[in-house]
Each structure stands twice: as C-alpha cells, then as structure tokens.
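Trainee: Structure incoming, see below.
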Amino acid sequence: MYRYLGEALLLSRAGPAALGSASADSAALLGWARGQPAAAPQPGLVPPARRHYSEAAADREDDPNFFKMVEGFFDRGASIVEDKLVEDLKTRETEEQKRNRVRSILRIIKPCNHVLSLSFPIRRDDGSWEVIEGYRAQHSQHRTPCKGGIRYSTDVSVDEVKALASLMTYKCAVVDVPFGGAKAGVKINPKNYTDNELEKITRRFTMELAKKGFIGPGVDVPAPDMSTGEREMSWIADTYASTIGHYDINAHACVTGKPISQGGIHGRISATGRGVFHGIENFINEASYMSILGMTPGFGDKTFVVQGFGNVGLHSMRYLHRFGAKCITVGESDGSIWNPDGIDPKELEDFKLQHGTILGFPKAKIYEGSILEVDCDILIPAASEKQLTKSNAPRVKAKIIAEGANGPTTPEADKIFLERNIMVIPDLYLNAGGVTVSYFEWLNNLNHVSYGRLTFKYERDSNYHLLMSVQESLERKFGKHGGTIPIVPTAEFQDRISGASEKDIVHSGLAYTMERSARQIMRTAMKYNLGLDLRTAAYVNAIEKVFRVYNEAGVTFT
C-alpha cells in the first residue's frame, strides 16, 4: 500500500490475498435453456459451484456495496468459465498446478489496482475558498492506456469509482476495445457553481491527475460522464497540452469526448445512446429470444420507458422512436411524465432546454407512481446505480430491461428477473457505445488525420468509373445506332458514391462492434446453458479475454 501524506492519497492493490485454491459455495448454479430449467446433470458431472476469488461479499444483500456487487457478478462468471480456462492451458503443468494458476490470475484480475484520492482548494467568485474532493481509480493495466469517464456528483465515493473502473475493464473486454478500466469523480454538485468556478475545478483536477501520472495519451485517458461533457473535456485537453504535454504531439489524445475543433470525432455525443439502441436491436430481432419472452421480433409494436433524460436516455429514446417503438414514460430526479400515446423525443428535448425540466411538458401528464413499474415492453434505466432492487423487482412489468446506466440492477434483483423470465441486457455490453467511439477518437488523435479524408476523392472517382464502364458495356452490347443506355444510381448509392464520411465510419464501426459482441454473448449463453442470463455470459466473455492477456504476457510485473 502506497500513501502520499499530503493532499493526495494513493492506494495500490488491496492487501495480499492467498493465490492458492479458492473456496466454493455448496449451492450450484441454476442453468436456463430457452426459458426452461436446465436438465439434471448427467451421472458423473458436477455443476459448477460458486467460487469467490477474493474476500468480497457475495450477492446476498439487496443493497450491496457497489464494488462488491460488481465482484459478485465477476464471481458468477469466473465460476462458470474456470474449468474451460484450465482445460485451455497448454502447458506441462499438472491439473492441480493449472487450476492454481487460473485461480491466481483470476484473483489478480479482480482487485482495483490504484485509487488516487485527492483534495485541493479553489477560490470561488465571491472570494471565499473551498476544498474540493476528487478520485481517480485504475482497475487494470492489462491493456494501456486506462479508460473511463469523469463524473461530477455529490454521491461520488471511493467505492463508486472503484466499481465503475472495474466495470470499464470488463466493458472494454466485451467489445474488444484495448483499454484497461478507470473512472474518476469530483464530489460536487455542478449546479451550485458558476462556469468560471467549474473551469477552475476541472483544470486544477487535471493538474493533480497529471502530477501523479494519472492522465496521458498512453497512460490514462478520461472521457465525459455524469454532469460532464465536451466543455469539460476541452478544458482538460487544453490544460494538459499547455503544461505537462507541451512537447507531446499526441497531447490532445489525453482525453476523449472533446469538441470537433479540439480533436473530437463526429458521433461521440450520441455514441452511448446509439450503442444502447444497437444492443437492444440485436436481441429484439433475435426470434429465439423473443419466443422465450412471448414477443414478436422488431421494434414496431413495442413500448418503452426511459429513466433518466440525460445524454444516454435522450439518444436511446431518439433511436428507438425513429425505428417505430413508442416511449410512454420518461422520468428524472424531480418527477416523471406519462402519455400512453407516445412522447416525441425532439419535442421533449426542446421543452427541457427551454424550461430546465421535463415536468410541465404539455403533451404528457405527471406520473405519480414508480417509473420502474410502468407496464411496458422495454425498460431503460439510464440514471444511476442500484435502481432495481429486491424490493421492487417483483413489481417490474417490462419484458426487457436494457441497462443504459452502470450497475442499475442489484444481484438479488437480477436473480428475481431470471426467475420471472425477464431479459436483462447487461450494462457492461449495452452502454459500451461510448467507450467504443472514444477508442475511435483516440486513434484519430494519434493518426492526426480524420477518417476518410485520404480516400474520399479516390472512392468517388472509382465509383463513377465503375458506372461508366457498365454503361459503355451495355451500349456496345445492346445499344442501337449509337444510342445511350444511361446508368442512374439509386438514391441510396448516390448517398454513398463519394465514400464514407467520418460520421459514417463511426456509426458503422459502432454498429458492427455491438453486433459482433451480441453474437459472442449469445454463443456463450448457449454454450454454458445460461438461457436469459446474459450478464453472466458477458462476464464470461470479458474474463476469458482479460485472462488470456495476463496469462500470455506473464504476471511478473503485474
């Protein structure tokens, strides 16, 4: 454990844990296949027991510690995949040595590597001084740089940033983005500060991170999160580039989610919400899953509810609305609105921008009940963690829960949803659109050229030459007396004839990433007979990928 005895406190890995064999719970895991209980194990086969890869509490409480909650989900996935990891080790070790090696690496993966806790003073506009608290957690450096957002909230704590950093590690692994996980938080309510004060806080926080080596294009790359956006990321990039990164040509790659003029990328603002849409799309169009839920594939006749009308909630609502689904309820911290005939996202966005709240929207009524218990097809919790608990899970009426937020479902609620045959599309897959497009922006900053710029004209000329070649061939074969046979491109081809723009590339790359990851989760769920337990399937995929990196790289310098 390392400790800075000043304004900053740096905590390294948790205390040493035995790396030998892990204990096992007596309860076996319940398998599901197409919504039905799994068949009894064959003679001689023992169902995988729940194993714990640290001293963290299992998912026994309705309101668990957030970081331990994530660790409990990790345990579920690790207990499923451990035997396969042992089987896949191609070494001369004995079976016992292989198993000890696997369990040791799983114990290495699980803790949060570093947590930086710091405080610093700022002078407010009225002349008074205030001490600001902030944190940055780095869960894993199996891939570098680390990646994770910065949030401004009075609820920020060490536990929260550790949990969110660990989720980022698994999230990046699920969608094959080569980053380790990190997360930062500043313990303030941004509504209580002027723009000038927020700029001071953001720039000073950046300098504190830089002094401790917690920010840099190849070290740790923050991004927007709750109550932060392009403006704050621009301040961070400018602060780093003007100081520590003054001589670094890649300095602006120290943060993503920037404005376009500061090295940002088209499509980043809507990326998380668009990713939520694509994630739902991949499962709602899968007939086998819809038959389990008693639903028809597609968005056409579906209703949905959004909890949280921020960046993620707004853009998720936009895309689902565009593809035919109907939003009947939207909720925020100050209240909810309801209209069984549907709520238009653009009209609601305009109203909120003008009035600062969704309450009073003329085309919807105030909803007094719990938004999480509204009768709908799809529920999108896009607010904060631990919203769906043991107490309200039995009353949830949605058939699909799409986790736009991080950690909205507690382990006990997750069990209830499995028992009730409700599909939960997990956070570590569904809201990975943001980090996916952040990866594209980071690469763009390192390449110092926007996507498509080098190929626009070549692709356009090539397409026109292709059309001319087809036209000339047809005229030689079928033309009479030198008559012409004009080739007219369709509207869709005309839109693409000049090649892909940066926005096109970002959108297609995100859609492909979400589709590929969804297929991997489906295959894993089928392979391990998990049925609707998509969360465990996603964790299994993440653990396999992170384990492979540690095992092949070696753990001497971990």
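A Cβ is built for glycine as well, from the same backbone N, Cα and C atoms used for every other residue.
Feature list, courtesy of Swiss-Prot:
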- 1-57: transit peptide (TRANSIT)
- K84: N6-succinyllysine (MOD_RES)
- K110: N6-succinyllysine (MOD_RES)
- S128: phosphoserine (MOD_RES)
- Q141, H142, R143, D176, H252, N444: NAD(+) binding site (BINDING)
- K147, K171, S438: substrate binding site (BINDING)
- K162: N6-succinyllysine (MOD_RES)
- K162: N6-acetyllysine (MOD_RES)
- C172: ADP-ribosylcysteine (MOD_RES)
- K183: active site (ACT_SITE)
- H266, S270, Y319, R322: GTP binding site (BINDING)
- K326: N6-acetyllysine (MOD_RES)
- K346: N6-succinyllysine (MOD_RES)
- K365: N6-succinyllysine (MOD_RES)
- K390: N6-acetyllysine (MOD_RES)
- K415: N6-acetyllysine (MOD_RES)
- S450, R516: ADP binding site (BINDING)
- K503: N6-acetyllysine (MOD_RES)
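If you look at the structure here, what lies around each of the features I listed?
Mentor: Of all Cβ atoms in the shown protein chains, 13 besides its own fall within 10 Å of the Cβ of K84 (N6-succinyllysine).
Long-range Cβ neighbours of S128 (phosphoserine) (same chain, at least 6 residues apart, Cβ-Cβ under 8 Å): none.
The number of other Cβ atoms within 10 Å of the Cβ belonging to N444 (NAD(+) binding site), over all protein chains shown, comes to 21.
For the recorded site, K171 (substrate binding site), the DSSP three-state label reads helix.
Non-local neighbourhood of K162 (N6-succinyllysine): F66, F67, C112, V115, A137, H139, K183, each in the same chain, at least six residues away, with C-beta under 8 Å from its C-beta. In the three-state DSSP scheme, K162 (N6-succinyllysine) falls into the helix class.
The Cβ neighbour count for C172 (ADP-ribosylcysteine), using a 10 Å radius over every protein chain in view, is 29.
A strand conformation is recorded for K183 (active site) in the three-state DSSP classification. Neighbour density for K183 (active site): within 10 A of its CB lie 31 other CB atoms from the protein chains shown.
Its own atom aside, the Cβ of S270 (GTP binding site) has 23 Cβ atoms within 10 angstroms in the protein chains shown.
For the recorded site, K326 (N6-acetyllysine), the DSSP three-state label reads strand. Other Cβ atoms within 10 Å of the Cβ of K326 (N6-acetyllysine), summed over all protein chains shown, number 19.
For K346 (N6-succinyllysine), the same-chain residues that are 6 or more apart in sequence and have a Cβ closer than 8 Å to its Cβ are R318.
In the three-state DSSP assignment, the secondary structure recorded for K365 (N6-succinyllysine) is strand.
Taken residue by residue with DSSP, K415 (N6-acetyllysine) is part of a helix.
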Trainee: Between D176 (NAD(+) binding site) and K110 (N6-succinyllysine), what is the CA-CA distance rounded to a whole number of Å?
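Mentor: For D176 (NAD(+) binding site) versus K110 (N6-succinyllysine), the Cα atoms are 19 Å apart.
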Trainee: Going by DSSP, give the three-state secondary structure for S128 (phosphoserine).
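Mentor: Reduced to three states, the DSSP call for S128 (phosphoserine) is coil.
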Trainee: Of Q141, S438, S450, which of the binding-site residues has the most Cβ neighbours inside 10 Å?
Mentor: S438
Trainee: Out of the recorded positions listed (K110, Q141, K147, H252, K415, S450), which are within 10 Å of K390 (N6-acetyllysine), Cα to Cα?
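Mentor: Neighbours among recorded positions, in sequence order: K415.
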Trainee: Of the binding-site residues K147, H252, S270, Y319, which sits closest to S450 (ADP binding site) by Cα distance?
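Mentor: Result for S450 (ADP binding site): the nearest of the binding-site residues is H252.
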